[in-house]
């Protein structure tokens, strides 16, 4: 039997048995707060930092070792162009055990079928590509009241369902925090207002998984 026919047989088998439910019915606990929603800012420019408050050398010294050029930028960076096909095929790390250990020889009726090593390898690779949930990064402008102003924010790939049959989607399960400076003002009267840069933690999605 050719590989295409073998693949079709196992796709049908996987549909019938729910594609090894111990794998695709995992329910990680996704965060409902990521990515961070846009902040509702007071539009009054009086609450913006002035030119003398935006000296890069001074702010970089204040931020110290928390400055991470991989995730933050002082000036507008070039856009990160990630297509759906790029996100789908970019597999990182070893194949998950839940996929690698799937038994493809057993049918829903208890009968055994032979699976060649090459056909098994190609099918599991296809399955991994179809069900994995990459983090897609894009640059976001946080506005003048954050320094650095630009952050590379992660989002879970959402172009299609990640389960087979369809119904589940990629959800965030882990995050990392990066420290930024936030321009913070106290006092409502201009003469008594005090503003300064304070460090704040900004969470970024670092891992996504297939979930209901």
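Cβ atoms are placed via backbone N, Cα and C, with glycine included.
Keep in mind it's a predicted model, so treat the numbers as computed, not measured.
Database features, via TrEMBL:
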SIGNAL    1-20  signal peptide
DISULFID  133-170  disulfide bond
DISULFID  156-208  disulfide bond
DISULFID  162-210  disulfide bond
DISULFID  185-195  disulfide bond
> Listed disulfide-bonded residues are 133, 162, 170, 185, 195; which of them have CA atoms within 10 A of the CA of residue 156 (disulfide bond)?
Replying inline: 133, 170
> Given residue 210 (disulfide bond) and residue 185 (disulfide bond), what distance in Å do their CA atoms have, once rounded to a whole number?
Replying inline: 41
> Which entry in the list of disulfide-bonded residues, 195, 210, has its Cβ near the fewest other Cβ atoms, using 10 Å as the limit?
Replying inline: 195
> Looking at the disulfide-bonded residues 133, 170, 185, 195, which ones sit with their CA no more than 10 Å from the CA of residue 208 (disulfide bond)?
Replying inline: 133, 170
> Taking the Cβ of residue 133 (disulfide bond) as the centre, how many other Cβ atoms fall within a 10 Å radius?
Replying inline: 22
> What count of other C-beta atoms do you get within 10 angstroms of the C-beta of residue 162 (disulfide bond), across all chains shown?
Replying inline: 23
> Can you tell me how far the Cα of residue 162 (disulfide bond) sits from the Cα of residue 133 (disulfide bond), in Å?
Replying inline: 7
> 10 Å Cβ neighbour count around residue 156 (disulfide bond)?
Replying inline: 24
